[in-house]
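Feature annotations, courtesy of Swiss-Prot:
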type: COMPBIAS; residues: 1-20; note: compositional bias 'Polar residues'
type: REGION; residues: 1-32; note: region 'Disordered'
type: DOMAIN; residues: 37-278; note: domain 'ABC transporter'
type: BINDING; residues: GLY69, PRO70, SER71, GLY72, CYS73, GLY74, LYS75, SER76; note: ATP binding site
Amino acid sequence: MAQTLAQTKQISQSHTFDVSQSHHKTPDDTNSHSVIYSTQNLDLWYGENHALQNINLDIYENQITAIIGPSGCGKSTYIKTLNRMVELVPSVKTAGKILYRDQDIFDQKYSKEQLRTNVGMVFQQPNPFPKSIYDNITYGPKIHGIKNKKVLDEIVEKSLRGAAIWDELKDRLHTNAYSLSGGQQQRVCIARCLAIEPEVILMDEPTSALDPISTLRVEELVQELKEKYTIIMVTHNMQQAARVSDKTAFFLNGYVNEYDDTDKIFSNPSNKKTEDYISGRFG
């Protein structure tokens, strides 16, 4: 399977991009992790609404980056630029660059479909397809041309194990995913994402609709997943950001107000507005 999917993940290297003039907001200690995403001077508008302003942000491989900030600050808009889902909004326009492994994802030669193979997404509300658990997991691999049932069976088991839900569901694979609890549905959605072997997983408030026990399970899963994947998570939950993330970016009014190691953001922020937000003075 890995070889088959890898063949679908080859991106043209026919042109390079000059990044020498850019400036990034980056934590002081990168812990030797490589930059996988580099956002450079990004602005975004919904019609006349200037939703993101001069965003400069480096995301590091195999780390969990939390995106925090009050409602309407641009958090969800930002992560939807990372896989270009934001382009589904007709009035949207952008300026600046987002480099994914040194390639500008806004370049017309860059494949949007390829990007979404490399960068999976888990949404706020669990959104399984109205199909069996098995068909949910195999949906992506089948689109990529995998038809062999033995291979598909292996993908299902591997993905559900990766989402820490195989033991719960291994005898129910042909049950409709809608019959599961909210927490189980969300982990099936994570497994569906893992089935296409992404490098990055975007999570937009992945536990906000879940009960505390399901939330804890998803948080534990996210911590395990960073061994193989880069995780970028939007959350309103300050305690969650502090518990699970390595880096935290605080967005405010469309800007990155502060970006640093999570421990520093929550113990000794550099910016007064960051301190006010995480201490609950506004938000």
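Using N, Cα and C of the backbone, Cβ positions are placed for all residues, glycine too.
Taking the features listed in Swiss-Prot, we show where each one sits on the structure.
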{"residue": "GLY69", "record": "ATP binding site", "Cβ neighbours (10 Å)": "24"}
{"residue": "PRO70", "record": "ATP binding site", "Cβ neighbours (10 Å)": "14"}
{"residue": "SER71", "record": "ATP binding site", "Cβ neighbours (10 Å)": "8"}
{"residue": "GLY72", "record": "ATP binding site", "Cβ neighbours (10 Å)": "12"}
{"residue": "CYS73", "record": "ATP binding site", "Cβ neighbours (10 Å)": "23"}
{"residue": "GLY74", "record": "ATP binding site", "Cβ neighbours (10 Å)": "22"}
{"residue": "LYS75", "record": "ATP binding site", "Cβ neighbours (10 Å)": "23"}
{"residue": "SER76", "record": "ATP binding site", "Cβ neighbours (10 Å)": "20"}
- Message: Neighbours of the ATP site GLY69, PRO70, SER71, GLY72, CYS73, GLY74, LYS75, SER76: Cβ within 8 Å of the Cβ centroid, same chain, sequence order.
- Response: THR77, PHE251
